[in-house]
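Feature annotations, courtesy of Swiss-Prot:
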{"type": "BINDING", "residues": "Met34, Tyr73, Ala115, Leu116, Asp117, Asp177, Lys183, Ile269", "note": "FAD binding site"}
{"type": "BINDING", "residues": "Ser180, Asp295, Thr299", "note": "Mg(2+) binding site"}
{"type": "LIPID", "residues": "Cys20", "note": "S-diacylglycerol cysteine"}
{"type": "SIGNAL", "residues": "1-19", "note": "signal peptide"}
Amino acid sequence: MKKLISGIIAVAMALSLAACQKETKVISLSGKTMGTTYHVKYLDDGSITATSEKTHEEIEAILKDVNAKMSTYKKDSELSRFNQNTQVNTPIEISADFAKVLAEAIRLNKVTEGALDVTVGPVVNLWGFGPEKRPEKQPTPEQLAERQAWVGIDKITLDTNKEKATLSKALPQVYVDLSSIAKGFGVDQVAEKLEQLNAQNYMVEIGGEIRAKGKNIEGKPWQIAIEKPTTTGERAVEAVIGLNNMGMASSGDYRIYFEENGKRFAHEIDPKTGYPIQHHLASITVLAPTSMTADGLSTGLFVLGEDKALEVAEKNNLAVYLIIRTDNGFVTKSSSAFKKLTETKE
């Protein structure tokens, strides 16, 4: 009888323990933001301090706030108000988020030797890759020269040494476009919110810009595909890497472009010439501590082209993966830092 009672107690205790141990779930959230889509996945083992519904609401609020500050398409955004302001050399107060993103863009302008320039917007718009409508014909040299005179990181002054950051412009026509880095910042903001909610394993993606931490439900680093450029427009995978505790972003010329008289014009503009880039680099993927940094670097390094991008990457210990177009198809190259990271992270 004692053995029977002991057995019943043991079974009851086992059932009680099983009930206490909550099953780990994969929470998937998605939506639209910044003219594209976002996807968030995180593991919830019962330790997350908010419901998935509440988390989704907070993510939506974060992304709405980023858009309200940095969109060039919203006429009432903080960025648009600065662009519409025609006063020169007159500092205006800007939000801490705006200042943070702009400060990183200015830093990356130096790293990329001028290739990432957030003041290139007037020229981008002239080519039809911004809020302005696409022109029926290629801009004339005179049109380009006029707008090129408005471009240059030296045309803006950011002051973060006071309690409130300020920004001023040297010319009335100066126009700042943060689309090359704002999505990455949005990713980082969402990631920080997940960490505040005690999420230790997550993946955040906005329009291809990514940040991941921890492991997926299979206990492996988050598996992220690098897209392979194709001549048909179909999606294909070039490589898959395990991403853990870092950001990732890619830039390429195989999706957004237009053709005129048989000539292909990519959407990335070289701020030094005012013309769409002309080289054989089809895409570049960058790994960095934050998605914002990866986002900005991928744009700037892509503008530089395959040889210069790899040179800058090696010089600055940047993790980059390049897909290069040749007469016989595509070839790949990667920096020393990329090889080291993927060898240890996969």
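Each residue, glycine too, has its Cβ placed from N, Cα and C.
Feature map: annotations from Swiss-Prot on the structure.
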{"residue": "Met34", "record": "FAD binding site", "Cβ contacts under 8 Å, 6 or more apart": "Leu63, Val66, Asn67, Ser71, Ala182, Lys183, Gly186, Ile206, Gly207"}
{"residue": "Leu116", "record": "FAD binding site", "Cβ contacts under 8 Å, 6 or more apart": "Ala105, Leu108, Asn109, Ser180, Ile181, Gly296, Leu297, Thr299, Gly300, Val303"}
{"residue": "Asp117", "record": "FAD binding site", "Cβ contacts under 8 Å, 6 or more apart": "Asn109, Val151, Gly152, Ile153, Pro271"}
{"residue": "Ile269", "record": "FAD binding site", "Cβ contacts under 8 Å, 6 or more apart": "Val120, Val123, Val124, Trp127, Phe129, Tyr275, Pro276, Ile277, Val303"}
{"residue": "Asp295", "record": "Mg(2+) binding site", "Cβ contacts under 8 Å, 6 or more apart": "Ser180, Ile181, Ala182, Lys183, Gly184, Phe185, Val187, Glu209, Gly247, Ala249"}
Reduced DSSP state (H/G/I helix, E/B strand, rest coil) at Asp177 (FAD binding site) is coil
Chain-internal residues near Ala115 (FAD binding site), provided their CB is under 8 angstroms and they sit 6+ positions away
Asn109, Asp270, Pro271, Lys272, Thr299, Gly300, Leu301, Val303, Leu304
Per DSSP, Asp295 (Mg(2+) binding site) is which: helix, strand or coil?
helix
For Ala115 (FAD binding site), which DSSP three-state class applies?
coil
Taking 10 A as the limit, how many CB atoms besides its own sit near the CB of Thr299 (Mg(2+) binding site)?
25
Let's check the environment of Ser180 (Mg(2+) binding site): how many other CB atoms sit within 10 Å of its CB?
25
